[in-house]
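Q: So TrEMBL lists these for the protein:
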- 17-252: domain 'SMP-30/Gluconolactonase/LRE-like region' (DOMAIN)
- 17, 149, 196: divalent metal cation binding site (BINDING)
- 99, 117: substrate binding site (BINDING)
- 196: active site, proton donor/acceptor (ACT_SITE)
């Protein structure tokens, strides 16, 4: 296992979730600031839209529309042409706050929810995954999922991987041509690590943000960890992007939960140093620092890794 390092890319956020790369920019939700941002490669940010009920998961449809989770009111929003509109209402289907999702190549969305009222301190319980089709129809596609979090489609569209945070595992499902899920199995047992956001590389390995340990690890099916980052605070989410698809962006959170309620900026985005020995994987890093970013150190940050 290789231990890698990173440098700051952008910070002064509250709590960043679900970064995605599209159209030469990074798109990310600041959940408790109720905003979705897009960020240039130089770290310059723009507010895309405001989401009063907590933006969370992000993803893009084949037509380029941005889909945004509005977590507390259990909706998916569509941002397109400068306007935000409702895309799907999951309030009759989701037992808890809607969280994160994956989009397949046909534009079908596979979305999870907490399964219980986390903010009210309810006892955790299992929940379902739902598929949202392009016509807006909603179908339950899996049951018995434990706090589904990050999700990604791999294996040329044939497999869906979902992070189950509280039970410390990545779960894989066979994804059929008609969008049904079957064959639930453990993709990787994460042990004591609590997987949060995830993304996949060109080899089908999954990068995992570990919420409780501040780690980001690259894991193969079966559980082997090949690469490792360690940060102060919590690991929240990650994505691959950049102009050549060889940059890994990482979101971490530095503060205690009280800082979230007070809207104190403890979030950050980062990038790594050192050239990779094996470039088959889109997970090996060489530094390309952004020279003009002068950020205070005690913030929520995004990290960017050139691979």
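Counting begins at 1 with the first residue displayed.
Keep in mind that glycine also has a Cβ here, set from the backbone N, Cα and C atoms.
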Q: For residue 117 (substrate binding site), name the DSSP secondary structure in the helix/strand/coil scheme.
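A: Reduced to three states, the DSSP call for residue 117 (substrate binding site) is coil.
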Q: In whole Å, how far does the CA atom of residue 196 (divalent metal cation binding site) lie from that of residue 117 (substrate binding site)?
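A: So the alpha carbons of residue 196 (divalent metal cation binding site) and residue 117 (substrate binding site) sit roughly 18 Å from each other.
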Q: Under a criterion of Cβ-Cβ distance under 8 Å and sequence separation of at least 6, what residues of the same chain contact residue 99 (substrate binding site)?
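A: Long-range Cβ contacts: 56, 57, 69, 71, 111, 112, 113, 114, 148, 149.
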Q: What other residues of this chain sit with their CB within 8 A of the center of the CB atoms of 17, 149, 196, the recorded divalent metal cation site?
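A: Everything else in range on the chain: 18, 56, 99, 100, 150, 163, 165, 197, 209, 211, 236, 237.
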Q: Inside 10 Å of the Cβ of residue 149 (divalent metal cation binding site), count up the other Cβ atoms and send me the figure.
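A: Other Cβ atoms found within 10 Å: 28.
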Q: Residue 117 (substrate binding site) to residue 17 (divalent metal cation binding site): how many Å between their Cα atoms?
A: 19
Q: Please average pLDDT over the domain 'SMP-30/Gluconolactonase/LRE-like region' (17-252) for the predicted structure.
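A: Per the prediction, mean pLDDT sits at 96 for the domain 'SMP-30/Gluconolactonase/LRE-like region' (17-252).
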Q: Among 17, 117, 196, all listed as binding-site residues, which has the most CB atoms within 10 Å of its CB?
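A: By the 10 Å Cβ neighbour count, 17 comes out on top.
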